[in-house]
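**Student:** Please see the structure below; I have some questions.
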Amino acid sequence: MNQQENVLQNISTKSKEYKEECRQLLERIVALQLKVFKAPDLYVKEVLNVVEQYKQQFELVKQNPGQNNGKFSIIAQFLSKVAVYFKTDMKFYIEDLMELINHFQNTLNQGLRKKIIFCLLRLRGKNLIEPYRMIVFLMKLFNCQDKDLRRIIFRFIIKDIKQFNKKHKNETLNKQIQNFIIDLIKKSQENIAKRAIQIMIELYKKNIWKDNKCVNIIAQGCFNQNYKIKLLACYFLIQTTETHVEIESSEDETDKYIQKKGKNKCVKPTKAREHRVEREKKMADKKQRKKLSKLNSSGGFFALDQIYSPQDFAERLFDNLKKHESEKFSVKLAMMHLISRLIHRHKLQIIPFYTYIQKHLYPNSKDVGKLFAYLAEAIHDQIPKEDLQPTIRHLIDQFVNDRCQELTLTMGLRGIYEILQKHPKILDKDNITYLIHYIKYKNRNVSQAARSILNHFKDTNPQLLDKRLRGNKWKSTEELDGDFDDNFIQQITIGIDGAELLQQEEEERLNKKFDTPIYCDRILTDEDFKRIRALKRKKEAEIEQNKLQEKQQKHQYIEQEEDNDEDFVEDEDDNVDDDISEISGDSAELDDENEEWEDESIDDEDIDDDDIKPDSKITKEQNKKRRQSLSDLEEDSVQEYYSDESQMSDENPHGYVREEDLMRYRKTKSEQKHEKLEELKNGTKEKWYQGPNKKKSEFASTSNKEKQKNKPLQMMRAKRVEQKNKESRIKSKIKDLKNKLGHVRSGKQAQRLKKQKIK
């Protein structure tokens, strides 16, 4: 025991001496560092002496890499700061540090390793190390067993690549790094390959590397053996097609700035504050222009559109999916989603893919909604109808039956509706009649889904429906009694829709007539298309206004005839009183006039009931709205119209099929009650009512107990001591009272009483 205590005392004394030496060395080096920054030429000898000390400590670190060497870390940090002034003499220093980390990557002490890497990063910041050499060196350190160090390296690589591509793109250096990353993904270990792909994805999202080569390098990760790399690549290609960059207006940004500063609307408006707000608006406009320029530079293409040969890529991916059947189901789903998105974007033809999904697609299978959505998204017009017949038959047999549950029925009908929008010729007349008879189903969700199919055929091809289901538009016509007509499904358009309106406007402005259409003479810009949309809207408003005017004229004509009829009847009564003898002579004339009136009334009966009984107030209000819409669509208000139209645009402009749309189901009250009863049977009890769940705002007040939880322990220590003292005093008082009363006595008091009795 004495020997062990002596050893521990010797170690403690040595450690104290070593710490004092390190502290003295640090003071000397900090003083020298300040002198070198001011006049580096005068202190060359002192720096060379430090270099000799560095070499001695470097050999000690090689002998014991696992031990922490404080002197070496202090000297290395000093040399990294001073190396700018002594570039020729410090070349050995960079090579020594790199060799040390390459040889002792995992065995080196954690703190010392981190300090050495910080020294190298500082040298790269001063451009003493080439960027390609530094990135190659750091990429190999991703296999190191230090999470903080890997995070630091990841951030530094992205920042460094962003820095040398800031003013202009350095294409030669970018190509070198990209070729190195391709080799890493193919040959190196899994951790390094995964981090390399993450770097490429982060650079793509920040608009630094957004070219075709970067996308195709990431896409090659779909064929890697590691499932994590596969998921990274697949999710990147899928999510880039769904994300939409929202650019905030200048007014929104200024409002946010004012909120940050703590300014409210109640503040008194002064000239200085108004000028400040105007300056912030200008700054926000500049930021918005920069964002728009970055987006326009990318060309507006998605990552899937930049793949070199999408047909070959999709076929390779599908073969890989069929081979690895023992892989995780989540990876299979991601690969299927990517293949369906590729088929949808590029209109590919991979017919075995539909039969592959058909094997997995059953009402009781896992993730049915996702599989159904992938199948519906992969169908398009150019696939032949005969190849898709077995899949449609499978869907109707499995998902649209009287034996199925109501949720599966709604999912099946909505899925078929999504398929019909993309391939309208896919269903026969028998299948259509079978699907439409679910309109009379008792559940509202099922009947609505079936009605959507019926409305689709009313608009596209009412010939396939019965006469009673065609609607009022095609009910009485005999044009639909012939063969199947493709014009209802797809009308071929020649030229650009609405270009005639733009041509008429330019002809009126220039007082000239063009022989050829505009789209043949020049390429139409975005502003031209905006103008075309505005002119279309203006034309529609004019047509509606003309219709209303015609209706008003008809109503006025009917009212005049009714007034004339009343006057005519009054004249007849006067004549009867005055000249009764002339009845026989005038009777023939009255009969002729009555016949003419009957003919006119028959002509008026052809008018709709809505036209005969108009509401004058409603028509006046409608006319006012139409006039306002026409006045708003003048030349100055085209931009306002375009902004409103962009807000009203669809949330899904690219035609993707989502799982949420297919699985949307509104439960009835009886179903909700049944679920609650099942929860009670299984043992899940309802929570006791504790008042409304009101979320407190940021500035709401809290109780003192909640505030005490966030306070430090030293603040609350005195209070807790006082509480304990109070409790102890109360307890002592209670004991004294009990002892006096003779109820309870402590052990010492009982012993004293016994001794007194014995004496």
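Here the Cβ of each residue, glycine as well, is placed from N, Cα and C on the backbone.
TrEMBL: automatically predicted annotations, no manual curation.
I grabbed these lines from TrEMBL:
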COILED    1-64  coiled coil
DOMAIN    78-442  domain 'SDA1 N-terminal'
REGION    545-759  region 'Disordered'
COMPBIAS  545-558  compositional bias 'Basic and acidic residues'
COMPBIAS  559-581  compositional bias 'Acidic residues'
COMPBIAS  588-612  compositional bias 'Acidic residues'
COMPBIAS  613-622  compositional bias 'Basic and acidic residues'
COMPBIAS  651-688  compositional bias 'Basic and acidic residues'
COMPBIAS  719-739  compositional bias 'Basic and acidic residues'
COMPBIAS  740-759  compositional bias 'Basic residues'
**Student:** Which residue counts does DSSP give the compositional bias 'Basic and acidic residues' (719-739) for helix, strand and coil?
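**Tutor:** The composition, in the requested order, is 21 helix, 0 strand, 0 coil.
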**Student:** Kindly report the helix/strand/coil residue split of the compositional bias 'Basic and acidic residues' (545-558) according to DSSP, in that order.
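**Tutor:** Residue counts in helix, strand and coil order: 14 helix, 0 strand, 0 coil.
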**Student:** Kindly state the mean pLDDT of the coiled coil (1-64) in the predicted structure.
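**Tutor:** Averaged over the coiled coil (1-64), the predicted model reaches a pLDDT of 80.
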